[in-house]
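Copied from TrEMBL, the annotated features are:
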DOMAIN    557-649  domain 'DYW'
REPEAT    177-211  repeat 'PPR'
REPEAT    239-273  repeat 'PPR'
REPEAT    341-375  repeat 'PPR'
Amino acid sequence: MKKSTVTVTEQLCLSLLHKCKTLKTVKQIHAFTCKTGLDTDRLVVGKLLLHCAVSISDALDYARRIFLHFPDPDVFMYNTIIRGLTESDTPLSSLAAFVEMRRRIWTAPPDSFSFAFLLKGAANYGSLRAGVQLHCHAMRHGLDTHLFVGTTLVSMYAECGCVGSARKVFEEMSEPNVVAWNAVVTACFRCADVEGAEEMFDRMPIRNLTSWNVMLAGYTKAGELELAKKAFLEMPVKDDVSWSSMITGFAQNGCFDEAFGFFRELQWVGIRPNEVSLTGVLSACAQAGAFEFGKILHGFLEKAGFLWMISVNNALMDTYSKCGNVGMARLIFKRMPKSKSIVSWTTMIAGVAMHGNGEEAIQLFNDMEESGIRPDGITFISILYACSHAGLIEQGCKYFSKMIDVYGIEPVIEHYGCMVDLYGRAGKLHKAYDFVCQMRISPTAIIWRTLLGACSIHGNVELAEQVKERLSELEPSDSGDHVLLSNIYAIAGKWKDVATVRRSMTDQNIKKNPGWSMIEVDKIMYTFVAGENQNEITEEAYDKLREIISKLRVEGGYVPEIGSVLHDIEEEEKEDSVSRHSEKLAVAFGMARLCEGRIIRIVKNLRVCRDCHSVMKLISRVYRLEILVRDRSRFHSFRDGSCSCRDYW
């Protein structure tokens, strides 16, 4: 009778675990097992451990407590804890659990699951040394050629950058299945060996849908978009992952029109978009500044019932923020259906930050803390960025200290870069320089480049030369650094030094990265590149721009700012040089094509120059237009002759 009661209780406990979704419920079930004497039952405790360590995101520590109190854990229980640790922030801690397992239950050897989970931990951490040691242990136990272990070994070596070792392990497998073949193709792509991936793909005796999707993902990540298109067309069957790979892959490579095209085609063939394809196409809208297409997507998401997904809401917020409509981003944030995640808060903070609303970003950060959400390193990057672009030096320093002292987050390059930018924008160049010299980690080229940009803004030639020397040691061939130094010399009137820098660029065959600007007109993205050959579109833009400049001279008193243009050309040529900047052409094209009263939205890859900034302000006043320009670092909202950045950019 007693035995029957225990069996029923076991079944009840397992049934409750199956439905369990939160740590709170897990604790209640665990209390129930203790009360009914099931806390020593291997089946129940094993399932409880598995649920805590794998299924519930914040329950790993609780799983470890349950594990420590179990008197005689078996290999399954150890494997469960190892599996949970490999997926945690400290994947190498799984090795300690493995060592303890070998010490406590040496009579029961580790199985294929033990090594597969451990190797995944080594891969997640990128520890080749640990991976090789585990490979040796697997060989000792005769498991290195086991299909499951062998496949994980291939992936581990790939994650550690050893494609040769990955392929060697694969070739030693007696009968690799399609999963192993897919793993070795992925390994080749992971190590940038596109030819090797193609060779292994061609050798595959059997291909499944995943095999083709691996090729699509690999080609797009390698920037081989034509090869991706070819593979996509050759696929016998396509699923939502195939379409997602093409949409996100083309978006990440800056081919936004193609990404939008794939999304339209996906709808046309009748496949319901998945979470990845939706966030991918929204990301494309965000990067391209495709506001109109983004609005259509928003309507589709609402109609199709996708707005319950937190990730889709986050992507939609990001899209509106980066398209210049931070008001809509706020509305989505306010109406989010579930509890806001750390990503939701960080996205909103970053959104208001790029519009220069530092005080609002700080208020959001405070609200987030009050809601019980713990900020992470990315959140602090966003709040430091907000302080930098709003000139809030004291607050920025406070958050940097708070990150370290209160939250125990070790600063990375991005945090240091924000602090250098904070001091640099405010003109505290020597303080920025001292900060760089006192960093806990070696400053990278990005750090020095940030300081060089600040020297350019404030015209500090002497410090700029020192910084450029450091940059030359790290990245001597970067065109942007040479151009910045050349401009600093030009503004200071040091034309001989300008000529020296330009001659150095010519001698080293260093090409200047061309500036480009994009504008969306009738849901089509148009790109203008400085100095490109003329066509019908650019001719239309130039004709309109000449008309605009003429009117600005008469009605706005426009005088071109040509201080940084080479001194050895005529004044007329200097003016023509600055008039050809891509953002001017994009605005002119927008004014020619868009209806009166529409906001003109521009995305630019570089920092907007002083002359273009002045022109935008004048256009907004003379033509009574609103212009939104998103440059490399922030938004500029031009209205009634002034800019939202208050000339602080």
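Here the Cβ of each residue, glycine as well, is placed from N, Cα and C on the backbone.
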- [ ] Count the residues of the repeat 'PPR' (177-211) that DSSP assigns to helix (H, G, I), to strand (E, B) and to coil, and report the three numbers in that order.
- [x] 26 helix, 0 strand, 9 coil
Task: Other parts of the chain folded back onto the repeat 'PPR' (177-211), taken as Cβ under 8 Å at six or more residues beyond its ends - done: 147, 150-151, 154-155, 157-159, 161-163, 166-167, 170, 217-219, 221-222, 224, 227, 237, 239, 241-242
Task: Per-state residue totals over the repeat 'PPR' (341-375) - DSSP helix, strand, coil - done: 26 helix, 0 strand, 9 coil
TODO: Using DSSP, break the repeat 'PPR' (239-273) down into helix, strand and coil residues and give each count.
DONE: 26 helix, 0 strand, 9 coil
